[in-house]
Each structure stands twice: as structure tokens, then as C-alpha cells.
Amino acid sequence: MIHEFKKIWKSYAIGLLWLMGIIWPLVGIHADGTLSFANAFTLWLYIAAASFVCLLLYVMNQSGSLKPVTTPLSAARSRVAATAGIVPTWFWILLALVLTGIFPVFTSRYAQDVAINVLIYICLGLGLNVVVGLAGMLDLGYIAFYGVGAYTYALLNIHFGMSFWLCLPIAAALAMIAGCLIGYPTLRMRGDYLAIVTLGFGEIVRLILNNWMSLTNGPNGILGVKPPSIIIPTFDGGFGFELFVLKKLHFLYYIALALAVVTIIAVRHLNYSRIGRAWESIREDETAAELMGVNTFLLKLLAYGMGALFAGLAGAFFCARMRFVSPESFTFLESAMVLSMVVLGGMGSIPGIILGAAALIVLPEVFREFELYRMLAFGMAMVVMMLFRPAGLIPAKRMGSRSEEREG
């Protein structure tokens, strides 16, 4: 036991020195381009103290010293889980809808803006979950369909004056068609080859948006896109109708919430359907699925198209909210961010992806006070979460357990 503890402390010291050597130059770089290590020692004291406390708690837990504390906590957690299991699922869904519904009433404009970002990325994460989490295809160019949806609304609204509500299904349909067109020649590949090809197609779409000046206005983007609007009855001087523009932030929040709810319901139905089970069989073993008579290519193409559809919906709303769209919003980093949400939350898990999207959008805002170090702190938090929860924050249930849950 003593030998094991010595190894732990030795590994801790080596790891701390390694981390210090890797990021030491970064802590001295300031926003104005100067290099100064005046405050670096204080920062390293905080890092060393925090890591030492974590290590000490780990060692105490391994030795059993924390049992008087952990045992009552485990018992309390079990009681809470048992109590939560008694409460029907519809109650939690209703509670979530009520809380999200009244959110704009008690929060600031900044909080509403962050919440809208979370809802947009929930739609994107759930769409990519169909491709990656259910069908098992690694897509590194998913954000291209987000761009197709955004530019569809921008072009139709600017050149033809079409409303947001009419453009929304058109954007989704065109994104799905784009997904099928891209997926048809590529989905016969597997593994890393598929990932590389999808990455290439994603960059091709971005370059087209960036260089087709006559259609997309290139890197300057498209400005002046109108926000969503509705027709309401008026009684001023007689009965009539008036166009009411939903430009206030809380109206946009409720539209984003409605899109997220629709996406959650649709993905859940796909997850529990026969198609969803076929997708999972392809994910687990594509060769075995083919031998069982599953048309793997057609189902993979369907998954790719459905994922693109949800991205198109999110893209159209993103354009309506920003009233501006440019190719800079659809880079590979955005695809990586959405993929991180799926992996972090739990591939195939709807609650996990919702939590993953919230974590990856909210955490950088929480760390904003760290200025230059916030992305470093954000990255360290990501590493810690993936070390302790490698299957995701809320791992997906296996097909058998999900079927039993559905039947129950």
C-alpha cells in the first residue's frame, strides 16, 4: 500500500512539472503582445494547490479515510435516485417545460442570449447524434448543412421576400437534399476514410460560400435578413390584420425553444423506432447487419440526410436571429464543437447531448473572467470530465434496456 502511494505522489509530481513545462510560455503572453511572467508564479501556486487538494482527497478515498463522509452521501444519493424513480417521467418533462418557459421572465438579456445559443447547439448536437451516435458514422463536416440552412433563408428572404416560417421547411429540405447528395458517393466508405471525406466536403461547401460572390456575396456575407414575424388581428379603426415582427430577444428564445423541443421529440421517435434499432445494429457491426438483411447503405444515407435536416432548421433560425450570415460562422471548429457535445454528453443519449451542449456553451461564459486563460481552464475542465466520465455525462442505454423501458 505504501509503495502504491509513493507511485501516486511521484506521478503527481511528474505530471505537475510536465504541465508546467507545456503551458509555462502561455501564461506569460498578454493581450498587447508583450511577454511577462510577473503574475505567473501566483497562477501556478493556485494550480498546484488545487491539484494537491484533489490528489489528497483521492489518496484519502483510496485508503478509506473518507468513508465516514462518503457512506452517508452514497446513501443519500441512493434515496434521492429512488425517490426520483417513483416520480413519473411526464412530471419531469412538464417541470422542464415550465422552467424553460418562464426563463426569460426572470433572467437578463445576456442570459437569454446564452440560452438561445444553447438551444441552437442542442438542435445541432441532436442532429449529429443521429449520424454519429445512432448510425456510428464519424462526420467532420456536419456544419456545412448548418450553413446550407442559413444561406437558404438569407437568399430567399433577401431576393424573394419570403417569410421565416415559409423558408424554415425549405431550408430543412434543401439541407437534407445536400446531405443525400454528399452522402451518396461517400457513405460506402467506413471509419477514418469516411471522416476524411466528410471533412473535405465540409470545407468545399465553406469555400463555395466564401468565393461565389454573385450569389453569397463571398466573405462579406449577406446583411439585412429580416427576423421572424407573425400576422396578428387588429381592431384599431375596424377589424384587420397587421404584421408583427418578432425581433425582441425573448420572442426569439421561444422560437428556439420550440425548434429544440420538436427536434428532441423527432430524434426520440427515431431512436425508439425500427429504423433506430437498425441504425444501432449498423453502428455495432455493419457486416453482421448486412448478413441479417439490413440495407446498410440506404439506412446510412437516411441517417445522414436526417442529421442534415436538423442542421438546416438550426441554420435558418441562426440566420434569422443574427440578421446576417457569412462563411466565417461555418468553419471546421464549429463541426468539432458540435461533435464534442455529442461525445461529452454521451453518444446516442438525448439527455446527455442536451447537457453536453449546455456545458460547452455555458462553461466558456463562466470562465470569461479569466480573460486569456478561460479557454485553458475550459480545456482542463473538458479533460477532467472525459477522464472521469469516458462514456459521456449521461451514457446511452443499450438497445435491450431501452426496449424494456419502452414496453414498461
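Quick reminder: no glycine exception, Cβ is built from N, Cα and C everywhere.
Unlike curated entries, TrEMBL annotations are predicted automatically.
Over in TrEMBL, the protein carries these features:
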type	residues	note
TRANSMEM	12-31	transmembrane segment
TRANSMEM	37-59	transmembrane segment
TRANSMEM	80-102	transmembrane segment
TRANSMEM	114-132	transmembrane segment
TRANSMEM	139-156	transmembrane segment
TRANSMEM	162-184	transmembrane segment
TRANSMEM	191-209	transmembrane segment
TRANSMEM	251-270	transmembrane segment
TRANSMEM	301-320	transmembrane segment
TRANSMEM	332-363	transmembrane segment
TRANSMEM	375-396	transmembrane segment
* Structure fact -> Long-range Cβ contacts under 8 Å made by the transmembrane segment (191-209), restricted to residues 6 or more beyond its ends, are 137-144, 147-148, 151, 178, 182, 216, 327, 330-332, 335
* Asked: So which residues does the transmembrane segment (114-132) touch in its own chain, when a touch means Cβ under 8 Å and the partner is 6 or more beyond its ends?
  -> 103, 107, 138-139, 142-143, 145-146, 249, 252-253, 256-257, 259-260, 263-264, 267, 270, 279, 303-304, 306-311, 313-314, 317-318, 321, 337-339, 341-342, 345, 347-348, 350, 353-354, 356-358, 360-362, 365
* Outside the transmembrane segment (162-184), six or more residues from its ends: residues with CB under 8 Å to it -> 141, 144-146, 148-150, 152-153, 156, 198, 201, 205, 226-229, 300-301, 304-313, 315-317, 320
* Same-chain residues at least 6 beyond the ends of the transmembrane segment (251-270) whose Cβ lies under 8 Å from its Cβ atoms -> 97, 100-101, 103-104, 112, 115-116, 119-120, 122-123, 126-127, 129-130, 134, 227-228, 276, 306, 310, 313-314, 317, 320-321, 350, 354
* Structure fact -> Near the transmembrane segment (332-363) in space but 6 or more residues beyond its ends, with Cβ under 8 Å, are 114, 117-118, 121-122, 124-126, 128-129, 132-134, 139-143, 146, 199, 202-203, 264, 267-268, 271, 280, 378, 381-382, 385-386, 391-397
* Asked: Which bits of the chain, at least 6 residues beyond where the transmembrane segment (139-156) starts or stops, bring a Cβ under 8 A of a Cβ in it?
  -> 124, 127-128, 131-132, 162, 164, 166-168, 170-172, 174-175, 178-179, 182, 194-196, 198-206, 209, 215-216, 222, 225, 304, 307-308, 311-316, 318-320, 325, 327, 329-332, 334-336, 338-339
